[in-house]
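Here is what TrEMBL records for this protein:
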- 19-475: domain 'Major facilitator superfamily (MFS) profile' (DOMAIN)
- 21-46: transmembrane segment (TRANSMEM)
- 58-77: transmembrane segment (TRANSMEM)
- 84-107: transmembrane segment (TRANSMEM)
- 113-138: transmembrane segment (TRANSMEM)
- 145-166: transmembrane segment (TRANSMEM)
- 172-195: transmembrane segment (TRANSMEM)
- 295-317: transmembrane segment (TRANSMEM)
- 329-348: transmembrane segment (TRANSMEM)
- 360-381: transmembrane segment (TRANSMEM)
- 387-407: transmembrane segment (TRANSMEM)
- 419-440: transmembrane segment (TRANSMEM)
- 452-471: transmembrane segment (TRANSMEM)
Amino acid sequence: MKSEEKSYERIANQLDGTRGWVVTAACFMAAFLTDGITFCFGLILFELIQVFDEPVEKVAWIPSFLLGIQLLSGPLASALSNRFGFRAVIVSGSVLGFAGLTCSSFAPSVDVLFLTVGLMCGVAFGLVWTPAVVAVSYFENRRSLATGVVMCGSGMGTFVFAPFIYWLLENYALRGTFLILGALYLNCAAVGAFFRPMKRGGRKSRGTVIKLNVKRRQCNTARQLLENTDVSMLALERGQSDMSTEECVIEEELRPADFVEDGTKQVDVLCGTDQMESSRNRSIFKFSLFRSPSFVLVCTSSFVQLLGSFVPYVYLTAYAIDMGISKEAASFLLSIVGVTNTVGNIAVGALTSHPKVSVLLTNNIALSLEGLLLIACPLFTTYGALVFFAVMYGLCSSCISVCRPILMGEMLGFDNVNNAFGFVLMFYGLASFIGIPLAGHLYGTYGDYNGTFYFAGSVVFVAGAICYPLACIKNKENEA
């Protein structure tokens, strides 16, 4: 067992040591570039309205398509990551994003932008962002902190890109802005190069290696499997990456009997109620996750939340301008959201690493507070009040973004985070197709943004209320 323990420790050291933090830094940069452009696209909205002379109700569909398709690409990105590895998926997404943004600079109409920004960039951003968020879930010890660091990329991206896009629009106009953003996004290809496959231990052992596919596992970590069997589990390279834990190598040294020199031995592995099969033809989408009532509840909450949660990123600047605030000062509000989101990600990541802190309760309180804050937004009519709103909104958003992937792992096992989070992103995407255009329609109907924020706050508050019975439901699942 000592030799097996050493092999496991070599993998754990890669995950929680220098190698793991290098991957975390790469994930940070991927989130920085992707969310920086996505969350600040509301600034480009004004230029689109002026250049193409289209109503806000129509132009608002572009960021809706961008975010919606990005999030709907979550299951696809998860499946491709399982099949080909994180590196190949991120590099492919960066090239597609570069092509989409570059083509957008030559778009003759808003209708073409639905294809270049909405479809091409939406899929590309999903291929880059989803693996970046999921990859840090393979940490063994400091998973919450690593997730918080990656989510800081979103906040820092918003903080940097808000004034940067404003400056680009002032100096290079709309088409030049798209070209420069496309060139910047191509850097995600270099970021993807850091997702190198992990090296397996160099121990030579006499034995039989059996490749098995796991239909459903409830063991959360490789250590649990190691401590409860006489075998070791090593990550198996799949395509260009072996950071996916969908497949494993089970290895046990043969102990020859007196009358045999060598032979083979069947290895039975007990891992909860898992069922293993030797077929390579496994499904890359784990629809069996929907058998869990708690997971269905989380997906429902996620859908309702995104009906309103993204509204400030698109309409806060416009609301501030309606209140008589200058365009430059109004655009800075998104930077404030970004920097407070960054600070919140670090703080929440460190806080939820403490064993006595409930990730679920933190998530629920943040959703409820964010909902109330959005409902109260029409009361904030001065720049100082809107700065306060931006600070509080950034902090609440950071809690939700850090807690959600960790919550997936705690409920379903961290081996299922990739697929589970992909499905959650799918529901996010479906909601964004409804929420952002509906918010724009409310503005067109009533002539102000009050109804927009009332709607956004109400649905986010309901999303928080949906999650409060989640702990009881999960306990009943475990008892069944």
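Even glycines carry a Cβ here, placed using N, Cα and C.
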Which one, 21-46, 113-138, 172-195, 360-381, 419-440, has the most C-beta pairs under 8 Å toward the transmembrane segment (452-471)? 360-381
Do any residues of this chain, six or more beyond the ends of the transmembrane segment (113-138), have a C-beta under 8 angstroms from a C-beta of it, and if so which? 15, 20, 23-24, 26-27, 30-31, 33-35, 37-38, 48, 61-62, 64-74, 76-78, 80-81, 86, 89-90, 92-97, 99-101, 103-104, 107, 146-147, 149-151, 153, 185, 188, 192, 195, 243, 245, 405, 409, 414, 417-418, 421-422, 425
Is the count of Cβ pairs under 8 Å between the transmembrane segment (145-166) and the transmembrane segment (360-381), pairs 6 or more apart in sequence, 3 or more? no
Same-chain residues near the transmembrane segment (329-348), Cβ under 8 Å, at least 6 residues beyond its ends: 39-40, 42-43, 148-149, 151-152, 154-160, 162-163, 165-166, 312-313, 316-318, 320-321, 362, 383, 386-387, 390-399, 401-403
For the transmembrane segment (21-46): best-contacting stretch of 84-107, 172-195, 360-381, by Cβ pairs under 8 Å: 172-195
Among 84-107, 172-195, 360-381, which stretch has the most Cβ pairs under 8 Å to the transmembrane segment (387-407)? 360-381
Which residues of the same chain, at least 6 past either end of the transmembrane segment (172-195), have a Cβ under 8 Å from a Cβ in it? 22-23, 25-26, 29-30, 33-34, 37, 44, 47-48, 51, 85-91, 93-95, 97-102, 104-106, 124, 128, 131, 135, 165, 241, 243
Over the domain 'Major facilitator superfamily (MFS) profile' (19-475) the mean pLDDT stands at 80
